[in-house]
Number of protein chains: 2
Amino acid sequence: MNYQELLQLDQQDPLHKLREAFVLPDDTIYLDGNSLGPMPKVCAERAQEVLHQQWSQDLIKSWNTHQWIELPSKVGSKIAALIGAAPEQVMCCDSTSINLFKVLSSALLLQPKRRIVLSLNGNFPTDLYMVQGLSSLIGEDRCEMQLVEEAELEQALTDQIAVLLLSHVDFRSGKLLDMARMTKLAQQQGILVIWDLAHSAGALPVALDDCQVDFAVGCGYKYLNGGPGAPAFLYVAKRHLSKVSQPLSGWMGHKAPFAFTIQYEKPAGIEHFLTGTPPVISMSVLDAALDVFANVNMQTVRAKSLALANTFHQLLTSHAELHELTLLTPLTEAERGSQLAYRHPQAYALCQALIKRGVIADFRAPDILRLGFTPLYLRYIDMWIAVEILSDVVKTAEYLKAEYAVKQKVT
Amino acid sequence: MNYQELLQLDQQDPLHKLREAFVLPDDTIYLDGNSLGPMPKVCAERAQEVLHQQWSQDLIKSWNTHQWIELPSKVGSKIAALIGAAPEQVMCCDSTSINLFKVLSSALLLQPKRRIVLSLNGNFPTDLYMVQGLSSLIGEDRCEMQLVEEAELEQALTDQIAVLLLSHVDFRSGKLLDMARMTKLAQQQGILVIWDLAHSAGALPVALDDCQVDFAVGCGYKYLNGGPGAPAFLYVAKRHLSKVSQPLSGWMGHKAPFAFTIQYEKPAGIEHFLTGTPPVISMSVLDAALDVFANVNMQTVRAKSLALANTFHQLLTSHAELHELTLLTPLTEAERGSQLAYRHPQAYALCQALIKRGVIADFRAPDILRLGFTPLYLRYIDMWIAVEILSDVVKTAEYLKAEYAVKQKVT
């Protein structure tokens, strides 16, 4: 594949025009949308409106007149459409960690005779930390974490397990798990399943209802492009809503928040999963960002995501000097998400040298260079340019400069 | 007091110029800063900077280059200065409700032989709901809520009580509790004390360290003017930091978040109380808002707050037609916060009619008209205008119009 052929692919790309919906810095190829999505232009307009009209002019009245009070469910509905959930099962609120605590507590209450929460060693750490936190609070006799390697996962699904907690896409390797199959296998053993969609919502088609998933959580600032630290979301299957309860029962999750009764009263629906007052500015920006997906078909996104990653990998393997980069992500399309992860003995320095040259990737300890392929704004020619720069950085040994060796606090 | 005298008070007011730091709508007297503070001008500038430079241009690098990672502690330090806390005991994070869950869990872990959480019937409901949520999760044998009337409070402080949970200022009546005295009385019985500062932080001098308070939580969007649903804060006394642990142990509260270890490891300091990724846009706006307090003496704020409320009440009582408004707030200065609450049989309609005329107050069920006096931007002449309008609304029976009788969802 040469530059001309890739330019042609861009011209034929049905998503090509969507790039214009984003603000992207000049001379930058942004392969880190899996960590923080770039800013859709509508977000700046919305922030302007929230600050200069809603907050500063309409003040407290905006809870009604600008429907601030409806934001968590409004944003939740938009996210629901992207993750295969019929309405009224998704709420936008809090952080992924907090939301995991809510759904995990709920799931365990539905499993009074079981206590083990099964997950993978490689799961995103905050998910594991939240299990540990709940366990420390309610005791190992009610919540005990068990971690296995992925190869051991299926045989670990027994009737001793209360909850299976999995990330749809592994944050390090980019490996995609089979949601339908794993959910079914678990449920056959009476296990409830929680999926963390941080690296799949907005990146590929997700079918929570079709897979009969019990609970899910996910992140607003990666593929949903909701801005740094954007509020997260949670999903509770309709069939569980009347039976579950969650312990972070704040006033926004009360049946009648403004009745100010002394006793908490559980509402019938997903509103029960709200806690405190939502961060309206951040949530409004996420709300606007989701409009970029309004007419986007997630199958089209998925096809382009795979094609971009395939292009990148083919170009990379065609460069002999890049042979030290070994692919960690499965090449089988059904087994990967929207990123590629390469191991390299000096992955950190390589990543820093790339960033200096305008190719934004990220590093995950100890030796992983992680590249996200986000079809709403990346072009095929970006793959070509990125690999050319990577090749140059390696050929010239530029990444071996001392300045790239020192690790920063956050990468 | 006539208009001329009040105009003179404004001219002599050391805080008078601060009004210019805020955007305030025309023809509006905003007596609801106790519910949602108005926008400081610096907030719009900061939002602009966060969106157009930090997010859209510097993208993921901003975690380092713009110190997003430091925001919770940076904002925490600014708040610490307003609530009498030496540094490194305050973090900005999550919502007040979530933060209460964290400090309450911590407090109960420090009290293994006690289980009762004592509070007042009139405490802000979300605080009570969070106690109920924790109780439902860990059982009444470890967390049982006991509510009393304020008159019964002191005699209820026995060695059976684990935690005393109080709001510094009552959200309905505006009554201020004596923090030093109540904390001391409770601690004499071995009780740990949590104060909710939602209606006092930024409104009056708070002296957490001097009062030897154990824990506190509070809100960013009322007197701190941090924007709708701005992130909240929590305080943990230095002496407890090494001994406590809290169950919402997410990755941002890990000793080394980016080491991605499997086991949660508790950091030595207040960082332990962080959970997930913070909403950077909302938190940056709060950070900017706090700069308005940079050279403000809280004693000066308190003196003006009392003077404004005194002025309002004197003017109101001088109008015979307003005799149906009966003051619920104690008139004794040491016993009230920065608001006045009046009962009126048709408080809801009255509030709506006032809002229509540009005097923004709020209503609390069943019959309370609540008015906040926020010295950073309110003038003495505003008191005069507000009472004149209130008088006119009552004299002309304008509030009896049908349009003011129907309750909206949020007030």
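The backbone N, Cα and C atoms fix where each Cβ goes, and this holds for glycine too.
Quick look at what TrEMBL lists:
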BINDING   A:THR96, A:SER97, A:PHE124, A:PRO125, A:THR126, A:ASP127, A:ASP196, A:HIS199, A:TYR221, A:TRP251, A:THR277  pyridoxal 5'-phosphate binding site
MOD_RES   A:LYS222  N6-(pyridoxal phosphate)lysine
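Where TrEMBL records a feature, it is marked here on the structure.
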{"residue": "A:THR96", "record": "pyridoxal 5'-phosphate binding site", "DSSP (3 states)": "helix"}
{"residue": "A:PHE124", "record": "pyridoxal 5'-phosphate binding site", "DSSP (3 states)": "coil"}
{"residue": "A:ASP196", "record": "pyridoxal 5'-phosphate binding site", "DSSP (3 states)": "strand"}
{"residue": "A:TYR221", "record": "pyridoxal 5'-phosphate binding site", "DSSP (3 states)": "coil"}
{"residue": "A:THR277", "record": "pyridoxal 5'-phosphate binding site", "DSSP (3 states)": "coil"}
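The Cβ of A:ASP196 (pyridoxal 5'-phosphate binding site) has 26 other Cβ atoms within 10 Å, all protein chains considered.
Counted over every protein chain shown, other Cβ atoms within 10 Å are most numerous around A:TYR221 among the binding-site residues A:PHE124, A:TYR221. Cβ neighbours of A:THR277 (pyridoxal 5'-phosphate binding site) (same chain, under 8 Å, six or more residues apart in sequence): A:MET252.
Within 10 Å of the C-beta of A:THR126 (pyridoxal 5'-phosphate binding site) there are 27 other C-beta atoms, taking all protein chains into account.
The Cβ of A:LYS222 (N6-(pyridoxal phosphate)lysine) lies under 8 Å from the Cβ of A:GLY33, A:ASN34, A:SER35, A:LEU36, A:GLY37, A:ALA198, A:HIS199, A:ALA201, A:GLY202, A:ALA203, each on the same chain and at least six residues away in sequence. Proximity to chain B (CB-CB distance below 8 Å) holds for A:THR96, A:THR126 among the recorded positions A:THR96, A:THR126, A:ASP196, A:LYS222. Our reading of the pyridoxal 5'-phosphate binding annotation (A:THR96, A:SER97, A:PHE124, A:PRO125, A:THR126, A:ASP127, A:ASP196, A:HIS199, A:TYR221, A:TRP251, A:THR277) yields a largest Cα to Cα distance of 30 angstrom. Other C-beta atoms found within 10 angstroms of the C-beta of A:THR96 (pyridoxal 5'-phosphate binding site) number 28, with every protein chain shown included.
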